[in-house]
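Below is one structure, written out as structure tokens; the observations come after it.
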Amino acid sequence: MAKIAKTHEDIEAQIREIQGKKAALDEAQGVGLDSTGYYDQEIYGGSDSRFAGYVTSIAATELEDDDDDYSSSTSLLGQKKPGYHAPVALLNDIPQSTEQYDPFAEHRPPKIADREDEYKKHRRTMIISPERLDPFADGGKTPDPKMNARTYMDVMREQHLTKEEREIRQQLAEKAKAGELKVVNGAAASQPPSKRKRRWDQTADQTPGATPKKLSSWDQAETPGHTPSLRWDETPGRAKGSETPGATPGSKIWDPTPSHTPAGAATPGRGDTPGHATPGHGGATSSARKNRWDETPKTERDTPGHGSGWAETPRTDRGGDSIGETPTPGASKRKSRWDETPASQMGGSTPVLTPGKTPIGTPAMNMATPTPGHIMSMTPEQLQAWRWEREIDERNRPLSDEELDAMFPEGYKVLPPPAGYVPIRTPARKLTATPTPLGGMTGFHMQTEDRTMKSVNDQPSGNLPFLKPDDIQYFDKLLVDVDESTLSPEEQKERKIMKLLLKIKNGTPPMRKAALRQITDKAREFGAGPLFNQILPLLMSPTLEDQERHLLVKVIDRILYKLDDLVRPYVHKILVVIEPLLIDEDYYARVEGREIISNLAKAAGLATMISTMRPDIDNMDEYVRNTTARAFAVVASALGIPSLLPFLKAVCKSKKSWQARHTGIKIVQQIAILMGCAILPHLRSLVEIIEHGLVDEQQKVRTISALAIAALAEAATPYGIESFDSVLKPLWKGIRQHRGKGLAAFLKAIGYLIPLMDAEYANYYTREVMLILIREFQSPDEEMKKIVLKVVKQCCGTDGVEANYIKTEILPPFFKHFWQHRMALDRRNYRQLVDTTVELANKVGAAEIISRIVDDLKDEAEQYRKMVMETIEKIMGNLGAADIDHKLEEQLIDGILYAFQEQTTEDSVMLNGFGTVVNALGKRVKPYLPQICGTVLWRLNNKSAKVRQQAADLISRTAVVMKTCQEEKLMGHLGVVLYEYLGEEYPEVLGSILGALKAIVNVIGMHKMTPPIKDLLPRLTPILKNRHEKVQENCIDLVGRIADRGAEYVSAREWMRICFELLELLKAHKKAIRRATVNTFGYIAKAIGPHDVLATLLNNLKVQERQNRVCTTVAIAIVAETCSPFTVLPALMNEYRVPELNVQNGVLKSLSFLFEYIGEMGKDYIYAVTPLLEDALMDRDLVHRQTASAVVQHMSLGVYGFGCEDSLNHLLNYVWPNVFETSPHVIQAVMGALEGLRVAIGPCRMLQYCLQGLFHPARKVRDVYWKIYNSIYIGSQDALIAHYPRIYNDDKNTYIRYELDYIL
């Protein structure tokens, strides 16, 4: 009970408490005085709103939203008929897709841009620079100054300017941060703002046309009022003017959102807009920037002027310039995207708009006079609305004087408007509509459906592939049908290249192949400029896919060979696009990038490559420096390290910029990574170039120098310690002085150098460096941990380090700081820790390490248990279980059983670990086998498929150990259990069960197997129909093993049934399955005789599928090899009589494989098959001749030295006429046959055939004969000497070599 209040204060407090409790009551439980009443909502379905049940909004379309009409309601008032559907619980179980779900998303080829991180996205900000001057063109003549080509000097100046600007901005930012920036009221601020002039106010000398002569960029920089920001607006490192053709010059990717900027308004922090410094505005100061939200709102139909009043004469453009300004060529017009129609098209342009540009809704309707192209692209509703509006405008237009005179009686006159009168022009009164007649009809208009949109052509005409929406901006010219004969040669060339590129990018393989060959052959005719100007922007496309990039890179690779030195002016352009490939995560992309840069270096030469890439070496942007360093490494590998050494020496010792030194040293590091042991001849020179970097004043330079030393030492392993003598001292000092990243790099270098040293030195250095390593064990930095682990591994792996030292000094802190849960979460740390621990175990023994981590097999974190298991598996795989005592053995078995049972993820780590440990322990496992088998049997009954699969897999891993422990009874029991589980419905589990049965059959033998083989095999026959690869592979292996070792346990009828099932397995995608299948045919034929099996196989030659026929021919050859060829050849040769192409080719293919397999046994059958081969070598069908040539090749190689030369010479006469075939497959087979015949009948006879055509008048004949002669020469050079024709001496020359005739 509450305490009774006695004093006045207590009473007041109690009252306040009661009032507070009342206020806290839920207001929903009561009814307010002025509120509506509430019904029982369970019965009547009440609502808080008085408007419930009313339609609160009208749909935009005139169709009512019917969803509400069928919503189920349980109220008595206004009860609707309930709909019938599935129970709510069932519906909730079905995952509902979101509105934006794309069912095809996972099947679409991924775009490169989707997988790029922030750093790699940098490549899209790079600008494809304009062509540069080729100093070697025209024999090195002085270039014509009128060409305006950018020279090396221009690029370096721009680089210098960019760098200065960056530094100034940095200083300003620092001053602003420190509060030292002051507003200076100078002379410029006191000048009155320039008055805006209308164009009517201009005097004669201010005519816009009288633009003074264009100044050079350096003169402009000194002109008052002109801020030299022309080049500072660029992305660092890439010069201006390199924009994609058609892009607005001067608009950069980092520019602010375009907005309406009146004249004189400066972009903050940028000075005047580049290119807009017009004469007459020199001393004007910039007015405050105008906010677009402060302006008078305008619709699209307003006067498209320049921020001026309503009464101005409309102008054609919408730039932000004042009317008085002269638009400087090349200057960017700052436009507002809000006051433009989506596709502003000039009236005279071709009336086809690319998709995505169609004006929709208001913009299209608000156009004053749409051009024919715009009319074409309007929707029918827009066109109808526009026609009505035009008719109303036509009726409400101002009346002309003639019309007024006709309407009014005489006596009226027109009064002049009062002075200063400005007519009111509101957006609603569309008085600025241009009265351009379009020949339309007024009056009643029949509303017919407008089909113009349906015929808009968004695909190129002619035999061109499908154009994706993303490609339209690059290939839009192909959408316009033009008469190509009317175009200029340059335009024709451009269209031709565009067509070829579209075929390569989007075409079918045959189309792509032809286009690639054509663009390669005509590369010099097209020229480097037109080709690269179209290919490179495509490669920069943000929607590019891997396959498309691969194809375009292949185009560049091919045309580089053809263009050769013509490529020099475009080297930088190509590098900007290709360099990002060097840091791509895809290995093949990196290889392609290296290949292109390598070919480019060979085509352009060292001087061009250095002069092109030199400005990028000290670029302010780290991304550019990184990619440039990698590219230089590729150039070094292509042109040789010695040619680049003088340049590298100069760069690495640059005093002007630390960026240059940093990049130079990085180039050395990348050369070492790329070229590996190929740096050994130049190792001392490379070390000398970068050694001073270890004591540089810049931290980043010191770090990269240490990393470069580490890379060089890694590449040179195990040689070259003498070359590193000069850097040992600074490295040693460095590891004592540095902390953080710098220390990590120095430790890495020491770590790679210690394995190169002699044993006594390695021991001394390891002891010294270990003090620092042990200190850094507790570092929280992930990168430092990885390096410390790596260095510990390297130090402990050297010969001079003793096991006792490692046990006492290293192991305690190592396990304390590294064997933690957090290390198992990061994959790179996980891998490094396992490797280092295994290396320590190699020194100190398995028991020492395993005893420290065995208890962690029962840890609660699965990832940590996996790390422990993997470490134990590797240690025991390397060192065995000899030094593991009985107690540790028990702990180990107990731990791995626990870890195996507790695993939740499907991973092979636990399985591999279990198998390795059990196999390493061998007979010592016998006491634990009942426990292991009990666990396995119990888990085979588990409802989870993954658990059952792991249990079956474990049986296959431990079967060998069970045999070693003589537990055949246990294995027989397991075999019966597995046999009962052959009805398993999950294919992954069934595959594992078959694998376990196979393992048991292998070790227990056929006669002891339970269940018996005669029961097991019929159970396997239907499983062969299963299409799952794992099931197929394990099942065919098991059947093959039984056919090989226990065929007598099964009836011939069952084997024939299996033969028919095996034919289906020949269609399998996996080669291992097909190989096992054809081998099984051989085993079965050996068991039941070849005739029935052969009949089955010969029938299979009639099928259409090529893969099936080829596998069948291989099976026939294997049957022939197994059961002797005479059992197969009669039937095979008889089958050749069937007048069907596939069958005849199959027979020839079988003969080819047959003679390949039987080798020298072929000597007995060569005369039998010669008539068949004669017929095949004279057949009209190319494939017959090709396959018959292959038969001749294998046959002649098999019978070499067995006296069959007469038959082979006969066949040579049939093979020889085919040497002039053009099909690459046929000519390859024919050349193979000739090679085989060279071996079998000797090079002399081949030379005699060859000599007749070596000097033939026709070049095509000579080419073929010389090709054959070259192959004979390569194969039997010495044997030919005795057989060259004797050429007698003439008056001038002595051809006979008499010494060859000497006979002793």
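Placed from the backbone N, Cα and C atoms, the Cβ positions cover glycine too.
Under the heading phosphoserine, Swiss-Prot lists Ser129 (among others).
Marked as N6-acetyllysine by Swiss-Prot: Lys214 (among others).
Positions annotated as phosphothreonine by Swiss-Prot, on the basis of experimental evidence: Thr244 (among others).
As annotated by Swiss-Prot, phosphothreonine applies to Thr261 (among others), with the evidence given as a large-scale study or a structure entry.
What Swiss-Prot lists as phosphothreonine is Thr278 (among others), and the listing cites a large-scale study or a structure entry.
Per Swiss-Prot, phosphothreonine is recorded for Thr296 (among others).
As annotated by Swiss-Prot, phosphothreonine applies to Thr299 (among others), with the evidence given as a large-scale study or a structure entry.
Per Swiss-Prot, phosphothreonine is recorded for Thr341 (among others).
As annotated by Swiss-Prot, phosphothreonine applies to Thr350 (among others).
Residues annotated as phosphothreonine in Swiss-Prot, with a large-scale study or a structure entry given as evidence: Thr354 (among others).
What Swiss-Prot records for Ser488 (among others) is phosphoserine. Following the DSSP three-state reduction, the secondary structure of Ser488 (phosphoserine) is coil.
Residues or ranges marked as N6-acetyllysine by Swiss-Prot: Lys562 (among others). Reduced to three states, the DSSP call for Lys562 (N6-acetyllysine) is helix.
According to Swiss-Prot, the region 'Disordered' annotation covers 100-119 (among others).
Taken from Swiss-Prot, the feature region 'Disordered' covers 124-148 (among others).
The feature region 'Disordered' is assigned by Swiss-Prot to 173-360 (among others).
DSSP states for the repeat 'HEAT 4' (643-677), grouped as helix (H, G, I), strand (E, B) and coil, give 30 helix, 0 strand, 5 coil. Under the heading repeat 'HEAT 4', Swiss-Prot lists 643-677.
If you measure from the Cα atom of Lys562 (N6-acetyllysine) to that of Ser488 (phosphoserine), you get 25 Å. Sequence-distant contacts of the repeat 'HEAT 9' (1052-1090), counting only residues of its own chain at least 6 positions beyond either end whose CB sits under 8 Å from a CB of the stretch, comprise 1017-1018, 1021, 1024-1025, 1029, 1032-1033, 1036-1037, 1039-1040, 1043-1044, 1096-1097, 1100, 1105, 1107-1108, 1111-1112, 1114-1115, 1118-1123, 1127-1128. Its Cβ taken as reference, Glu592 (site 'Interaction with PHF5A') is surrounded by 21 other Cβ atoms within 10 Å in the chains shown. Annotation for Ser488 (phosphoserine): no spatial neighbours, criterion Cβ-Cβ under 8 Å with sequence separation of six or more.
Broken down with DSSP, the repeat 'HEAT 9' (1052-1090) shows 33 helix, 0 strand, 6 coil. Cβ neighbour count for Lys562 (N6-acetyllysine): 19 (other Cβ atoms within 10 Å of its Cβ, all protein chains included).
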